[in-house]
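Residues annotated as ATP binding site in Swiss-Prot: 457-464, 1121-1128. Sequence annotations record features per position, and here Swiss-Prot assigns domain 'ABC transmembrane type-1 1' to 97-387. Under the heading domain 'ABC transporter 1', Swiss-Prot lists 422-667, citing sequence analysis as support. Among the features that Swiss-Prot reports, domain 'ABC transmembrane type-1 2' is placed at 764-1051, with the record citing sequence analysis. Annotation comment: Swiss-Prot describes 1086-1324 as domain 'ABC transporter 2', evidence class sequence analysis. Residues or ranges marked as N-linked glycosylation site in Swiss-Prot (evidence: sequence analysis): ASN293, ASN529, ASN860, ASN1108. According to Swiss-Prot, the transmembrane segment annotation covers 93-113, 147-167, 219-239, 242-262, 325-345, 358-378, 762-782, 808-828, 884-904, 910-930, 995-1015, 1025-1045.
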Amino acid sequence: MVEPSEKPNTQNDDVSKQEIRNPVSSSSSTSDKEKVAKKGNSDATKSLTPEDLDAQLAHLPEHEREILKQQLFIPEVKATYGTLFRYATRNDMILLAIVSLASIAAGAALPLFTVLFGSLAGTFRDIALHRITYDEFNSILTRNSLYFVYLGIAQFILLYVSTVGFIYVGEHITQKIRARYLHAILRQNIGFFDKLGAGEVTTRITADTNLIQDGISEKVGLTLTALSTFFSAFIIGYVRYWKLALICTSTIVAMVLVMGGISRFVVKSGRMTLVSYGEGGTVAEEVISSIRNATAFGTQEKLARQYEVHLREARKWGRRLQMMLGIMFGSMMAIMYSNYGLGFWMGSRFLVGGETDLSAIVNILLAIVIGSFSIGNVAPNTQAFASAISAGAKIFSTIDRVSAIDPGSDEGDTIENVEGTIEFRGIKHIYPSRPEVVVMEDINLVVPKGKTTALVGPSGSGKSTVVGLLERFYNPVAGSVFLDGRDIKTLNLRWLRQQISLVSQEPTLFGTTIFENIRLGLIGSPMENESEEQIKERIVSAAKEANAHDFVMGLPDGYATDVGQRGFLLSGGQKQRIAIARAIVSDPKILLLDEATSALDTKSEGVVQAALDAASRGRTTIVIAHRLSTIKSADNIVVIVGGRIAEQGTHDELVDKKGTYLQLVEAQKINEERGEESEDEAVLEKEKEISRQISVPAKSVNSGKYPDEDVEANLGRIDTKKSLSSVILSQKRGQEKETEYSLGTLIRFIAGFNKPERLIMLCGFFFAVLSGAGQPVQSVFFAKGITTLSLPPSLYGKLREDANFWSLMFLMLGLVQLITQSAQGVIFALCSESLIYRARSKSFRAMLRQDIAFFDLSENSTGALTSFLSTETKHLSGVSGATLGTILMVSTTLIVALTVALAFGWKLALVCISTVPVLLLCGFYRFWILAQFQTRAKKAYESSASYACEATSSIRTVASLTRENGVMEIYEGQLNDQAKKSLRSVAKSSLLYAASQSFSFFCLALGFWYGGGLLGKGEYNAFQFFLCISCVIFGSQSAGIVFSFSPDMGKAKSAAADFKRLFDRVPTIDIESPDGEKLETVEGTIEFRDVHFRYPTRPEQPVLRGLNLTVKPGQYIALVGPSGCGKSTTIALVERFYDTLSGGVYIDGKDISRLNVNSYRSHLALVSQEPTLYQGTIRDNVLLGVDRDDVPDEQVFAACKAANIYDFIMSLPDGFATVVGSKGSMLSGGQKQRIAIARALIRDPKVLLLDEATSALDSESEKVVQAALDAAAKGRTTIAVAHRLSTIQKADIIYVFDQGRIVESGTHHELLQNKGRYYELVHMQSLEKTH
């Protein structure tokens, strides 16, 4: 095979001693400093354009380029508004047609009233000229007033049908989009996820689908009603007198031009805002899912700033969008008022010329007033439609993407009897997300059926890639993989994955019971449809085989125990054993073990390894291992170095060869002579002793007491303050959820976000008031205009003069409205986007401030919190920006209109005002119902979003289990539940909304009947009547408009209460508290004095039971023991993630609970089992170890050299500026771990905590890193938790834990001589040559 020209020419022996280097060798002219300076863009979550992809893959041959492109390319969907309805069923479309007709009919009701109004105007003139009697006048007046009542009833029914129908259809279609989106996500190839963060999926499935729902629900009905009003009004105008109507229609062209020109900018800004929020969501998801790491390093501030970078970008585009909408609204109001002026001016000329009469002009003018006013109601909704289209384009681009490797496809063959012979022929592999690195080069390997083949080698050498290729997570760029002589590309993918069981290095469990988690292994197997009894037997049998049965039965709920999100309620070893049980329960033909026992302690590993050895008999097994003791008995051991096979053979053959394998063995060898005790005896002993307790959180805190009597008595004797505070804390948590806030408190709280904008907000309020006063002023001009047109023919000269004057006044009013509306639009855009920015930023910081116990609660899962950040902050803006400005504007309109009406005709005004309280009551009641509905709906969507996030972040496990259909069933069930719950609430709230909107007709009927009577008696003149009526019409409509914003206000109230609760929550261990003694220097003595501990979320499970432990300054101590025995808990207590229930942890004789937590933690550094990296460059990730930015490059380089990662970093094209991807996805486990170690070392800590710090490293790297850690530990107090005993044999003291107590302690030599528990653990990990 021809190698690419960029590949280094030589493969020297050093390669076996370090990570595989990047084949694209960096330019020698680039200095270290320059590399560090090159800041990489975190664009891992952006969908790539074809041009971007071609540029990235330009260095590869064409056929390789095509293979990688297929795995990465996301089509760009040009979404239109119609695209949003692509999943509407025939019933949906019929319902849409019905409710659309109802909306249109409801819109036609208001212009029909102008016909009645024009008719009455003629009647008023007749009575004034004594052409009809008072009785005749009264009869006509009563009949027309009844017509108003009929119109009101019709509009009530039509609006109710329209609102309920649109909300129902909107929710129904959005539900399908959510389901299709998750379905599409689950069908994508793994390379797609290497580019897409889990946080972005959460943002799409919550915030973006909510935007679509907003754009296809009740706002469509409101818009259709407004448009119908507009067109009906103009049709009526044309029927009455076409010339005048035609002249006024010219303004429509101006409106269309304004809306069309501005909406292009609106759509672009909306799209860019969503992109920025998606990237921010991924950062938030990364940080929240690794909160322990962020807390340990005190990097909350730095990570919050990283999140804010994306928020600022979103704020920039959001402001542009809102400003353009403000200017558009101002322009439309100006055009509308100019239209009035034009109508009056030309109408007066047609009247004088005898071409039409007063009745027709009044009808046309009023129709134009109402029609033009209604178009203003369309503008606020255009933003919702634009956002929906932008969100739709992003979601549909994923839905329409045809995956290169599609697990949902029915294509491909199956093999009737699988034997299990696997062959890799001429494999060359490049990961799609890192096209510059060749991971595998010319691999030829046969895995015989029924045999065990082990893969070993340095991390990053391509071992796990074998699993990825066999499972078809990726397609190789050259060569093929064969199963029983058939190319796996020709086989059905779902069927293929069902023949293979995979246990990976970091096991993923789902948020359900232990029983259901193991049962997932049966998907697609013949046993899946057996009886419940048979399935139960299989599951228990698999759990026993995997050495999980005993610990499961030790749990209060046994197999029905819920494991929590991603299994966080179990320790690493417990999770791993459940995963093994899941893998073997279906008796698979092919078993893949990718570091399957790496998370187990030595005792468990011995038994589980024996179980795996038994399970692998008679089936094809591929084992990937760093710990070589686990693969001694393999039929063939393949050593992979630098993406190539270096050597292969049995353990004995390879040891005799004295090649690379022997070097790996030597690195892990424990140099002690051991007795003759057989491993079998140790295994039997292990089975007897394995009973122990789970060491992590569960659901709720009831009390701080122990059910265990001895311990309870002990606690009663101590009766510490902390034990009491734990009880109080649990009670406080119970109360937290019940906290209710008054509306005033919440408004003050929301206003606090805009404190810096107070002055410009006052300007905005000033302009909003001026804008609001425009409507009543227009009523005065309108009444004056009608009075002018009522003048008799003898005064036509004065009529022309007055008409000219009032037409000019309308033009002036239009110009004033252009300035005031645009100004308030721009001002509130600044305020609204600042509010969203600060709310997101502060709530993210409030989350990062919380203690670890907060994140252990099931309702605070990563998905729920990420979803909260994306959706609730958007809802909060329901009382800011455009909404707040509009509410203030229409409130001013209502107040000024009613005041003017009272000033000019108090009798008629008082009668009309009497109806306004009823309107207000309807609106407020609807607001209250929507707030209730919002709270309930949010909870349902939150749980479904959290579930979707969990499924996506575990995509490899979902894919290998072929669990896609099961995930979809649960998700669709959650969506259906939510839809059923919301329908009843919608029906109630829509009833009140329809009432509040149609009540204005009853108000008009009353006003016309009573006012007409006053006019008929000669008590009022035409000016007073028309002024009062038009003021009340617009006043009532304004009240109706305020309540059309109720959904936004309802959401805002619900969101504000959630925010207030989060902000008011003061954690027990508060990083923002200045209290406590600050430590300038630390000696490093650490003591545990009779420490008892249970996790707050699982109080019935004791974890530490009277732990006593002393670490002297500079001492290196190691903690070993079975998983779940309390080792990692000890580290967590040293870090003060939790407070002890009784007893205390002391540093230099000081109780750590009385120290300032930030000051205390600054002297510690933690390297945990699962390395956590964040989006950004390698340099950024190393610098997260310190809380300052001005760290010299030399210090960064030194830390990386000490962690044995410097050479690898410098071999990358961008050096320290290399982007690590979402959660460090661009790097191997070993590379990530060494960067995490560099991050700890740059901190120069006095106390070093190593929680399985080298478990992810291969033997070669481990030896070097361990030496570096040993060197780093000098002069430092070091506590190391280890499963691999070769890493801690030089420890000053080794403590052996069992069930929360220390059962043995001493040096490595002393403990071996004791021949106790430690001796047994060492014996199991022996790497002696088998005989």
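Glycine is no exception: its Cβ is also placed from the backbone N, Cα and C atoms.
Because the structure is a prediction, the values reported are computed rather than measured.
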For the transmembrane segment (219-239), which recorded stretch in the set 93-113, 325-345, 884-904 gives the largest number of Cβ pairs separated by under 8 Å?
93-113
Here's one to test understanding: among the glycosylation sites ASN293, ASN529, ASN860, ASN1108, whose C-alpha is closest in space to the C-alpha of LYS463 (ATP binding site)?
ASN293
Between the recorded positions ASN293, SER461, ASN1108, whose Cβ has more other Cβ atoms within 10 Å than any of the rest?
SER461
Return yes if the transmembrane segment (808-828) and the transmembrane segment (242-262) have at least 3 CB pairs under 8 Å (sequence gap of 6 or more), otherwise no.
no
Check the Cα-Cα distances from SER461 (ATP binding site) to the glycosylation sites ASN293, ASN529, ASN860, ASN1108 and tell me which is shortest.
ASN293
Would you say the transmembrane segment (995-1015) and the transmembrane segment (147-167) are in contact under the rule of three or more C-beta pairs closer than 8 Å, pairs 6 or more apart in sequence?
yes
Write down the Cα-Cα distance for ASN1108 (N-linked glycosylation site) and LYS1127 (ATP binding site), rounded and given in Å.
13
Rounded to a whole angstrom, what is the C-alpha distance between ASN860 (N-linked glycosylation site) and SER1123 (ATP binding site)?
26
Could you name the stretch, out of 242-262, 358-378, 995-1015, with the greatest number of CB pairs under 8 A to the transmembrane segment (93-113)?
358-378
Answer yes if the transmembrane segment (762-782) and the transmembrane segment (325-345) have at least three CB pairs under 8 Å among residue pairs 6 or more apart in sequence, and no otherwise.
yes
Which residues of the same chain, at least 6 past either end of the transmembrane segment (358-378), have a Cβ under 8 Å from a Cβ in it?
107, 110-111, 113-115, 117-119, 121-122, 125, 222-223, 225-227, 229-234, 236-237, 240-241, 244-245, 248, 251, 255, 329, 332-333, 336, 339-340, 343-344, 347, 350-351, 782, 785-786, 789-790, 1030, 1034, 1037, 1041, 1044
I'd like the Cβ neighbour count for LYS1127 (ATP binding site), meaning other Cβ atoms within 10 Å of its Cβ, all protein chains included.
27
Any residues 6+ beyond the ends of the transmembrane segment (242-262) with a Cβ under 8 Å from its own?
234, 324-325, 327-328, 331-332, 335-336, 338-339, 342-343, 346-347, 350, 355-356, 360-361, 364, 368, 372, 375, 379, 382
Within 10 Å of the Cβ of CYS1125 (ATP binding site), how many other Cβ atoms can be counted across all chains shown?
28
I need the nearest neighbour of GLY457 (ATP binding site) among the glycosylation sites ASN293, ASN529, ASN1108, using C-alpha distances.
ASN293
Which ones are near GLY1121 (ATP binding site): of the glycosylation sites ASN293, ASN529, ASN1108, which have a Cα within 10 Å?
none
State the three-class DSSP label for GLY1121 (ATP binding site), counting H, G and I as helix, E and B as strand, and everything else as coil.
coil
Measuring Cα to Cα, how many Å separate ASN293 (N-linked glycosylation site) from ASN529 (N-linked glycosylation site)?
43
CYS1125 (ATP binding site) versus ASN1108 (N-linked glycosylation site) - Cα distance in angstrom:
15
For GLY457 (ATP binding site), name the DSSP secondary structure in the helix/strand/coil scheme.
coil
